[in-house]
Amino acid sequence: MSTSTSHITGLLAAPFTPMHADGTINFDKVPDIVNLLIDNKVKGMFVCGSTGEGPSLTTEERKQLAAAFVKAANKRLLVFVHVGHNSITEARELAAHAKEIGADCISATPSTYFKVDSIDLLVSCLQEIAKGAPSLPLYYYNIPALTGISLDMVKLLEKAGEAIPSFAGIKYTAPLIHDYQACVNFNNNKYDILYGTDEMLLGALATGAKGFIGSTYNFIAPLYNALIEEFNNGNLKEAQRLQYISVEMVRIIVKYGGLRAQKAMMKLIGCDCGNVRYPLNPFAVHEYKLLETDLRNIGFFEWVCKPKAAVVS
């Protein structure tokens, strides 16, 4: 992994926020999550984003959680903190806090209630957020499926790069490979465009992607690391086979309700992060066996993240 903001490579996981049964955050679980990622060759984390249920956390919870992940990482992983908020003032405060605790980068969506409707307005919002941590690389978090904001990302690169000195690139979570490639190639590959649609990683690799941020890297990173290696070695057929396992897995995740299923999958691999917080629908006890059976049928458990074996002295 390179920590150059224009050359981040490898897998970065968006970690789940571990919860107790009563819905409060289980901070004691954070080191286990971090160590599991390190043991499985994940290079970084994207904290308090969609996977981390950031919008469902209070500002204070987000600060505490970000600090816990930064502390547990202890410079062993690159740490992004998502600071987007419906209040630009709160987002700026979260950015300042990310700098204070030693995060490496920040990322942000704009308000998703009152939505920006132009690139110029988006750039103005990002400028305000960047003021909280002007020395930290800032990445726009492009996820139209959840924000409802779908703008021309090449135009964002054109304007944000000039207006915001700390602007470093985009966390690109959308299935538009042609648009993603245009962003990757913009101005001689000037910006870091991190791809965020796990089930399309192979397609992104083919366009020149080097870094990836995703939720499924929490529990099946070995599959994607193998996929990347096979692609780099010219073994396209094997890379396609591995990508199809990811496609089948994501179809199962969607079948069981998305994020709620992914947290259940963490429990199935032995790293229990608890359930989701409202307004998401908690995973029911009877669903675990059904989910496990479906995952076993596609060979999921052959690729899951595992802790390193204890060293016998």
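The backbone N, Cα and C atoms fix where each Cβ goes, glycine too.
Unlike curated entries, TrEMBL annotations are predicted automatically.
Fair warning: this is a prediction, and the values are worked out from it, not measured in the lab.
TrEMBL annotations:
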{"type": "ACT_SITE", "residues": "Tyr141", "note": "active site, proton donor/acceptor"}
{"type": "ACT_SITE", "residues": "Lys171", "note": "active site, schiff-base intermediate with substrate"}
{"type": "BINDING", "residues": "Thr51, Ile213", "note": "pyruvate binding site"}
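Structure with TrEMBL features highlighted.
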residue : record                             : Cβ contacts under 8 Å, 6 or more apart
Thr51   : pyruvate binding site              : Ala14, Pro15, Phe16, Ser215, Asn218, Leu259, Gln262
Tyr141  : active site, proton donor/acceptor : Gly49, His82, Gly84, Ser107, Ala108, Thr109, Ile170, Lys171, Thr173
Ile213  : pyruvate binding site              : Leu12, Ala13, Ala14, Gly44, Phe46, Phe80, Lys171, Thr173, Leu194, Tyr195, Gly196
Lys171 (active site, schiff-base intermediate with substrate) CB neighbourhood, other CB atoms within 10 A:
28
